[in-house]
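Look at TrEMBL and you will find 19-378 tagged as domain 'SAM-dependent MTase RsmB/NOP-type'. Positions annotated as S-adenosyl-L-methionine binding site by TrEMBL: 135, 162, 246. Marked as active site, nucleophile by TrEMBL: 308.
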Ligand SMILES: C[S@@+](CC[C@H](N)C(=O)[O-])C[C@H]1O[C@@H](n2cnc3c(N)ncnc32)[C@H](O)[C@@H]1O
């Protein structure tokens, strides 16, 4: 086992994290087939390219488990945008959103974008659903934009801004399509991605009769034409159907990431992750992100909160605090998690039953460390 710095040992102890999770080295990898690929690759050919067998994952179409040593990035199918890598734990978080083809989805910490791509896969190409990604980091959002282009994902827009204050509602621009009027998807909803680039964050003044007091719209960092020109109406009917808050965290559940610091040096790790100011502000940030995500969610909608941390404070305590504050928030079962094997949920500081939240880790579920809570906003 690596010799961790004292601050990390303390962190593991305080959060009841078994250091043995960092000893598991043979975790499988996972890929998803890009459903927008016009010439889908034959499974045998893909196995040949990856040099390993593919095993289907029950309940997740087009999702495969493969040997942990397989090199995904080097293979031609990856370079050609036919497949992408995503851990099963992340897929569980996306699956928990229970996506329907006409859903408008908000992904509040979206970059680099594996989950956003998968959300888009679930929305498919026949509906009017959209995904709105938000990230505070411009360079990470740029990576996300590259993924959107590579995998030919339309009906997705990106904003570079703070997810704790983001207030743009779901697009109304595709309303005529929802109502079966006017344009076909080809002429309006599925512009070629190249048309959509919009790099700056200029605020455009517009005349607004939509109840938006500020009479201004925020220009997305990236959007196809249809979504770029969305008037950003502020009525409640434009709240989002689903919200993913894949919150910024200490990343301690990402075993491969943590172990990289054996090479990079633990000093950098302590500075980046274990700085007390940073961890305390993280807990605040996570609470603010989930609160803002909740304010943008429709009654009846689903919010999924997830982190790649195994810490109690960033998981159970955030959800316990949240449920104690919002009466209309109800936990629901996270689908597919049961078939994996999950770790024990920690007792939060709040006296609330959290047994429907899920902890995945390398020992129990043979995935990266991950926490998922699925919360429904009840209709009052
Ligand atoms: C765990 S990563 C998200 C991973 C992403 N969902 C995916 O599947 O690739 C957390 C992200 O939150 C972003 N972030 C941090 N603070 C933020 C804030 N205040 N508002 C929005 N995004 C933030 C970080 O830049 C980082 O990209």
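Cβ atoms are placed via backbone N, Cα and C, with glycine included.
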Item to complete: Taking only the Cα atoms, work out how far residue 135 (S-adenosyl-L-methionine binding site) lies from residue 308 (active site, nucleophile), in Å, as a whole number.
Response: 17
Discussion item. Can you tell me whether DSSP puts residue 308 (active site, nucleophile) in helix, strand or coil?
Written reply: coil
Discussion item. Same chain, not part of 135, 162, 246: whose C-beta falls within 8 angstroms of the C-beta centre of the S-adenosyl-L-methionine site? Give them in sequence order.
Written reply: 108, 109, 110, 111, 134, 136, 137, 163, 248, 289
Fill in: Coarse DSSP state, helix versus strand versus coil, of residue 162 (S-adenosyl-L-methionine binding site)
coil
Worksheet entry | Number of Cβ atoms other than its own within 10 Å, given for residue 308 (active site, nucleophile) | 25
Item to complete: For residue 162 (S-adenosyl-L-methionine binding site), write down the residues of its own chain that are at least 6 apart in sequence and whose Cβ falls under 8 Å from its Cβ; none is a fine answer.
Response: 136
Response to the item:
As a whole number of Å, the Cα atom of residue 308 (active site, nucleophile) is distant from the Cα atom of residue 246 (S-adenosyl-L-methionine binding site) by 8
Discussion item. Which secondary structure state does DSSP assign to residue 246 (S-adenosyl-L-methionine binding site), in the simple three-class scheme?
Written reply: strand
Practice prompt. With a 10 Å radius around each C-beta, find which of these binding-site residues (135, 246) has the fewest other C-beta atoms nearby.
Written response: 246
Discussion item. Let me make sure I understand the span of the S-adenosyl-L-methionine site: among 135, 162, 246, what is the greatest distance between any two Cα atoms, in Å?
Written reply: 14
